[in-house]
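Engineer: Quick one: structure below, then a few questions.
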């Protein structure tokens, strides 16, 4: 076991020679990114006495896999003194972290996108950001200490960034894995900068350690991951064509890695990447990412007033799952059995002239609805009042965003998933002042009232909880496989 851990550390040291140099370079290249302001609901991120948010503090006290914060702090100090980087012994850089049964991986697991062509003859490697990012050095600076970061870029060109200021729904891009439900939820979470700022603990990023705060079984839990990610490259390629490409989730800005970090933590809790790639619901993924209360409703029956209220509520995230038993012709560009984010709604006109539209996003970052009110539809010219109501939220690119009318939405989508980040939780996170008993009681009553209307939506049902960890039996089989491979 000691030799195995030593080999992992040695691999990390070799892979991070360039990375170590880059981490010590404090300069950063500023870059901007277009974003839709209406999709980013801004909150402040307070610090506790220890300098971190209450959510991160709670998660540090409840670390996944007994990798305590105190233990990681000691390891980080030792690694920093040696100029080394962390390699996670619980989620190793081999097939046991990729597959549920490493001895029998799926034949078609490596694809160009979730449903793209199968990639054959590729070499799978685990790489740090400098190996696969399109930038030669990290372009962001952490707001807390000015240190260089690969997590996100300098969106507003101020020289310092935070997750909430940088992250945007359009950043999230799906890879070979069927975890659209998770990535749609992650895209929705970017609307709340407080959730974004509390999602990743970058305290020990300089030694390749990231902490992701997930709500597992009702408790905020810190899941530590290292900075190596599974990539592929053609086995017979040379020169620039040998640059590794990430296999799973990425950012559409290929110079940052925050979606990859969150997805890796989710996979670690479940036991492997394959375990989270067999489909799921947006609602429980939202619960895991936010700690909120999630509900699922039939898309055909949910009243418009409730759907509109949920999308317009800054504290509620809304996703949708498409029908899986319709033909491609009937779906008209909507991907069957797929998860989407609902970002915005508009309601224009009255009676026969009334138009009710929803703005959806495909986590693939492409493939859109092709019917009425799609990007190239003539409906926009016929109804300039609707075009004016939509304003700058209308896109002409194949970026995964599209508008769809309510009747078309109901015919092609099966479920609507809603998750409330409770007002009480936001107030706990966003204020440091002491509250009186009366004020606390009033907050609790208001939060309960707000939750009631979600529960009272016709047909609403509670979502299941967080990703399930692998059974002990499965874990043992993995260990046996590792020993066999070692021999």
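Heads up, the Cβ atoms here are built off N, Cα and C, so glycines get one too.
The active site annotation in TrEMBL covers 180, 338, 362. The compositional bias 'Basic residues' annotation in TrEMBL covers 470-487. What TrEMBL records for 85-422 is domain 'Calpain catalytic'. The region 'Disordered' annotation in TrEMBL covers 432-487.
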Engineer: Using a Cβ cut-off under 8 Å and a sequence separation of 6 or more, which residues in the same chain sit near residue 338 (active site)?
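Structural biologist: In sequence order, 180, 321, 322, 362 meet the Cβ cut-off.
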Engineer: When a 10 Å sphere is centred on the Cβ of residue 180 (active site), how many other Cβ atoms does it contain?
Structural biologist: 27
Engineer: Validating a neighbour-count step here. Other CB atoms within 10 A of the CB of residue 362 (active site): how many?
Structural biologist: 27
Engineer: Kindly state the mean pLDDT of the domain 'Calpain catalytic' (85-422) in the predicted structure.
Structural biologist: 87
